[in-house]
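Listed features, source TrEMBL:
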TRANSMEM  C:20-39  transmembrane segment
TRANSMEM  C:51-73  transmembrane segment
TRANSMEM  C:93-113  transmembrane segment
TRANSMEM  C:125-146  transmembrane segment
TRANSMEM  C:166-187  transmembrane segment
TRANSMEM  C:217-239  transmembrane segment
TRANSMEM  C:251-284  transmembrane segment
TRANSMEM  C:296-314  transmembrane segment
Amino acid sequence: MRPGTDKAPLEEGRPLLDARGISKSFGGVHALEAADFSCRAGEIHALLGANGAGKSTLVKVLSGVQRPDAGTITLAGETVQFSGPAEAAHHGVATVFQELSLFPHLTVAENIYVGHEPTGPLGQIDQRRMRSDVRALFDSLGVGHIAPGAHVSDLSLADRQLVEIFKALSKEPKLLILDEGTSALGRKEVQRLFDLLRKLKAAGTSVIFISHRMSEIREFVDRMTIFRNGRHVATVAAREASDAEIVEMMLGQRVERSFPERTEVSRDEPPLLELSGFSVGSDLADVSLSLRRGEVLGLAGLEGQGQGTLLLALFGAYRGVAGEALIDGRPVRLSSPKAAMESGIALIPEDRKTEGLVLPMSVRENITFSVLSRLGRFGFVSAARERAFVGRMMERLSVKAASMELPARSLSGGNQQKLVLAKWLETGADVFLFYDPTRGIDVGTKQAFYELIVGLTREGKGVILYSTETSELIGLCHRVAVMDGGRVALTLEGGNITEEEILAASLGVGRGRNAAGADMAEAAQ
Amino acid sequence: MSLRRYRSSLLAVVGLIVLLGYYWYQQPLILSPFGFRLLANQGTTLALAALAQLTVVLTGGVDLSVGAIVSLSNTIAATYMGDSPASVVGVVLLTLAAGSAAGLVNGLLVAYGRIQPIIVTLATLYIYSGFALLIRPQPGGSVPGYYASTLTGAWGYLPYSLIVLLVVALCLRMPIMRSRLGTAIYAVGDNPGGAHMSGINVPRTLVSAYVIGGFLAACAGLFLTAQTTSGDATVGTSYTLNSVAAVVFGGAILGGGRGVALGPIVAAFFISIIVSVLFAAGVSSFYQSVFQGAILIVVLMFGNAWTLRARNRLAVLRS
Amino acid sequence: MTTATLKSRFGAFTRHGVAVSYALLVVLIVVAVILNPAFASWANVKAQLQIATFIGIIAIGQTLVILTGQIDLSVPWNLTFSSILMATLYGEGYGFAVAVGAALLVGIGVGLVNAIGVAVFRLHSLVWTLGMNALLEGATMVYTNGQPPDSTIPGFVRFLAVGNLGGLPVAPLVWAVLAAVTILVLARSRFGRFLYATGNNEPALFLSGVATRRVHVGAFVASGVCAVLAGILLTGYASQTYLGMGNDYLLVPIAAVIIGGTNIMGGAGGYVGTIAGTLIVVLLQSILSIAQIGQAGKNITFGLIIIALVLLYAREARPTD
């Protein structure tokens, strides 16, 4: 044990899980280096760390998905070695992974029971019992809106995450591991989930919880373990350390989380982008917005209220879009991403791994997809011009990569996200659409992204930023449009952009609703 | 199983009803016991081959060796069957074992060799057809008359071939597809990584699916032998691609996880019968391939139309 | 291209694939020469290259299509129909340009329809191009009334197929030129770059503002045209067209692409490997012939070789790695 660990002897409780000296490396890169981790019976334990700290690898080792190179795992006093997830489950370890492990075309009930379905005398699955059990479980937990017979592909992302959690719980685990298991859940659902976790805890189940949302963690967990660079740094009681201290332990240095100063926006100029009556089926209803040069317009609201649809529709990725879009006063046809790009729009999509990057291809190739026609002649690419361009972009965004020929896959999450942005910097885009750009990236890189976003506005670009982190919206935006059910429920401006206002408008309660009503009344006059 | 899964079969069912309706209008004789028998026999081989293909397609693979296993079974059966009931039973079992073994090899290479199914089965397509050629370098051989009539005959309006098909399909459904193995097959095709993380033994599931596929392809070969009453090492060639067509027309998704047996069976009958229908309609035999191709193409476009209605183009790209 | 570029572009997967397939090629050549020293004669080398040309040219199109993650099963009857059309038109006195032009138009049209099915209707190419193949078979039957056509072969086609230019056979030269262009396009052009990206992650390329449909169109049209070119050369070589002349050209070129180390799921590989794959396939056939192994033995050996090679270099990663 290193000095500084286990700051104080905490309340009693025997260790349910004790992992000692766990090492795991991938092709010479150490993901875990003699890492220790221990969790008591009946506690909710948060595992924290910046990207690349080894949290996910530890989860995979604990759940039997990966075998450690070295180290021992003791579970309830017994030394265990898992040959696979099945065996881990057998020992009472159930995990909700970052990548959902659901089966979209099986039913909710089939998903929850997969691998341990109740069977009849002939080995046939007892569908009826499975569904009624799930029905009863859902009703008792207040998620009765999810039908046990529904196909998972028809559920919202948040509901899918809940199903994933219930799937893990159906194995009646002694230890439940949630790896970013709540990233898509709204506040109400998170609250409900933690009510459930507390019940489990009372029944003696331990929960290991991993999340980037600091506020969530602080409220609900008993203890926190901080990892850095594949090693255990400290384990502290949840109320013992301040946010700043935790961030410092995660990063190894004190980082003030501060937002760069907003760019001054001229009120006199005509808007850069004007949307009127933008609608997409039932997902987006009659959205009218304007964006000025130098401005950051935030999109807020609960998850899945049309924010993503709005951004994708603006970028031409939807068909059947009604309404009008003007850029610099000229109407534009956003019929495809190519058309949107040519109209001066850029999109940093939701999932950098599947939508932003071609992971097996090089950093160089990923940065140049959108500008390739300008880096050569007659359909061929000039290697020299391409390398020069890529070098310039990497320097401008300080992308950390040993070589521009490395596959994008090998970069950290934050650097990958920079590649996605780099691709757009010289396409002549004036309107930048960011879809939750800092989700799942570490605190240091988040800071860099704030600088980059504000930097764009200083150059006279306009930014529309959708973020699930309210603090980002408060810190960066000139105005915030709160969306609800595919509509803009309320637009907040300047000093009105506060956590309370956004939340109230998101939930459609209190002052938010009144203000929206007033807005509409005004508009009607 | 949810009813919703059967929606994918709708297109094939409607197609077959329309086709049979038109056939009946052209050729009222098909409503006779003889006509029934003819129709049933025509489609059964492909229906069995389609079930073989479906089992593999559900796991996210594709089996290009189905046709070769059909040929191999045909040559084994027609070469060794003999005349006595005992040897008939023995050779039928031998043939089924050979088909299952062929499936086992496919499955082992896919699951433990970690080679793409399309490559594995392209290679074994050559290997199994080579074995078929070894057994029967020239077409020939025979099966006893009672073997043929037992499988292809009829009892009044009830063709034996349909009974055979029904028994095979039910055996497939009850003990296999409705067991944990069945769910595992769907799960592996739907989300292989998730299946592994959910504690499903993915390699074992894959191997099982390919073995079942090989077994069913051997069933198809045995039935085909009853129809042709002789052996030919290339007789099965067309069943590979036609079985893929039947599976897709029948609503299963190449890529895995989606599809039920009903659709491919019905689609197999559609594909098999359409030639006769065109003939009855007086279409020159030269046009038959045109029609077959055109119908397949139109049907595919219809079948996929729902995907295209999605407003989100990314969803369309990923489908 | 630097080594680092090669690494990132092809990954460990294909670097090994190309090396292994060329190593195997050398082994096969040595085996063939030991079995029959006459194998190394110039006449035999020419004969082998001649046969390899047809497969190699079809495999150009197939490589491009497979790189995008698709497959083209419409080659056999595209080849047959366009060749018969060319020979018939020429026989009816339409002249060389019209005859060959019409054949090429067929190839372009087939490629377009294939691409529309795949890129617009989002159909799986395995079945869609199969339907096209059936359609083209029917079209050939209707056009010829099922009779082998009376063929008149343009002199220039004969020259391309079996002529000599400065002591070198023309057909392999045609192949060499097409191969060089293909390798250049894959390594250096925008289209080449987009082929790889489409095969790896089409949504990401689409969201980069690239019209990915056109990439599919390019690949399938190239494949259609390659099939036609191979058909024209085959017509000149055989001095006739016949029904089913394309039957041997469905799976063999695909096997050549796989043996050459291109990932059947798209996104990795290239034509350098396919050349080795093509030569391996051709050499294997003739070695087995020299060794007097019958068709059955040829099939079995061919299948085993594919499996052995792929086990060597094209295995998928374990789900947990």
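We count from 1, first residue shown onward.
Just so it is clear, glycine is given a Cβ too, placed from its N, Cα and C backbone atoms.
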Closest-packing stretch to the transmembrane segment (C:93-113), where packing means Cβ pairs under 8 Å, from C:20-39, C:51-73, C:125-146, C:251-284, C:296-314: C:125-146
Contact yes or no, the transmembrane segment (C:166-187) and the transmembrane segment (C:217-239), 3+ Cβ pairs under 8 Å, gap 6+: yes
Positions on the same chain near the transmembrane segment (C:217-239), where near means CB under 8 A and six or more residues out: 50, 53-55, 57-58, 60-62, 64-65, 67-68, 70, 72, 74-75, 78-80, 82-83, 86-87, 100, 103-104, 106-112, 114-115, 118-119, 151, 153, 157-162, 171, 174, 178, 191, 195, 245-246, 249
Chain residues in Cβ proximity to the transmembrane segment (C:51-73) (below 8 Å; excluding those fewer than six residues from its ends, i.e. six or more beyond): 79, 114, 118, 125-126, 129-130, 132-133, 171-172, 174-175, 178-179, 182, 186, 195-196, 198-199, 202, 215-216, 218-220, 222-227, 229-230, 233-234, 237, 249-250, 252-254, 256-257, 260, 262-271, 274-275, 277-279, 281-282, 285
Distant-in-sequence neighbours of the transmembrane segment (C:20-39), which means Cβ under 8 A and at least six residues beyond its ends: 259-261, 273, 276-277, 279-280, 283-284, 286-287, 290-291, 309, 312-313
